[in-house]
Every structure is written in C-alpha cells, then in structure tokens.
Amino acid sequence: MKFFLCILALQQLYMQSVAQEFDFFYFVVQWPGAYCDSRHSCCYPKTGKPAADFGIHGLWPNYKTGGWPQNCNPDSTFDELRVSDLMSNLQREWPTLSCPSNDGVHFWTHEWEKHGTCAESELDQHDYFEAGLKLKQKANLLHVLTNAGIKPDDKFYEIKEIERAIKEAIGFAPGIECNKDSSHNSQLYQVYLCVDTSASSFINCPVMPHGRCDSRVQFPKF
C-alpha cells in the first residue's frame, strides 16, 4: 500500500513538473470601454470606476505548439497576504469589470490558480503579479496609441495603424482581439504581447493569437 501511494505521489510530482514547462507568456491587456460596450455585464469595482486605460487581463503561460497549461497546482491557492504590498496597484492596473461589483480578489484568484500556477517554475505568486504590473508599465499602450493619434474617442481606426504603432514602440508585433458592440461595430478589445519565460522582456510571438477584427475598428470611449 505504501509503495502504491509512493508511486502515485511521484506521478503527481512528475505531471506537475511537466505541466509547468512552457515556452512563453501571453501578456493580455483589455480596453474597458470595449468590455462595457459588449454584451457582457459590466460593473465597476467596489473601489470605483477604473481609469480610462488598458487594464491587465492576465499573464498566461503558453506552448509554442499552440496549446497552454492550466490549473497546474491545486495546492497553490491565491493568498492576499503574499501580494499585500501590491494591492493598491492591482486594484488600479489589474481591475475587474465583472458583476456583481467586487474587490477583484475572485479575479486574481482565478488568474493565479488557472495560469500563474503553471509558471511556478519561474515565478512565485508575488513575482507573478509584480511581473504583470511591470509589463503594463513597460508597454504603456494607451500612451503609445495616443502618441500615434489613435485615441479612445469613439472614432474608427485602421487595424494596421494600431498594429504598426504598437510594433514601433514595443519592437514586436502584437496580437489584436476585437469584439462587437450592440450596433455590430468591431471594437479594439484586447491586445496580446508575447513575453519570455522570465516575464521580463517582450519577444516575437511564437504563436499569434487568433483575433477577428474588421479592417477598421472603433476605439470606444470609457
């Protein structure tokens, strides 16, 4: 019986170590105006309406073959105390717009347990969230786009102009995901940037995410 339990434990450790191997991250930011313009329910966090800026959606380990690991370590749960020094920054830069209005803990719990646990070979819980915050600051996408004359003013812009502006600033081509508002306008929704396994440097995307966008997309106000 003990031998059998030992074998099971070794198998679990092996599967966990295999699951935690990955090739790169998708760093994904979301435009809140597009989220709230879609058919999603949109509720501001308990801390109030977020700034009119891209908010972090996640930092997701991926394989260059196109798949991704998830829920790699059920024993590694989100602990607010481990990121207590980051909390104000998480509320500002990594907000949730899900309903009902909440403090964001459920969102961060989901991101850590589904995605972050698959990067524990590189980043502990504090490092994972801190890396996301640093990447957001490093990319500074709203500044990049407004400097290129692309503003959240409800106007329509060529998707190629958006991609070009980000590539010129970051050095690498982004993946763009769009949504449809109630009037069926294609809107700038999420931007994917690829990051190395240390979560510190942007890289060329080994696999570009599939985002459906019209040739011209709206950059909605928020």
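Each Cβ is built from the backbone N, Cα and C atoms, and glycine gets one as well.
In TrEMBL, annotation is done automatically, which means it is predicted and not curated.
TrEMBL annotations:
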type: SIGNAL; residues: 1-19; note: signal peptide
type: ACT_SITE; residues: His57; note: active site
type: ACT_SITE; residues: Glu111; note: active site
type: ACT_SITE; residues: His115; note: active site
For His115 (active site): intrachain residues, at least 6 apart, with Cβ closer than 8 Å: Gly58, Leu59, Trp60, Pro61, Gln70
What same-chain residues, at least 6 away in sequence, bring their CB to under 8 Å of the CB of His57 (active site)? Val28, Val29, Gln30, Gln190
Neighbour tally for Glu111 (active site), based on other Cβ positions within 10 Å of its Cβ: 21
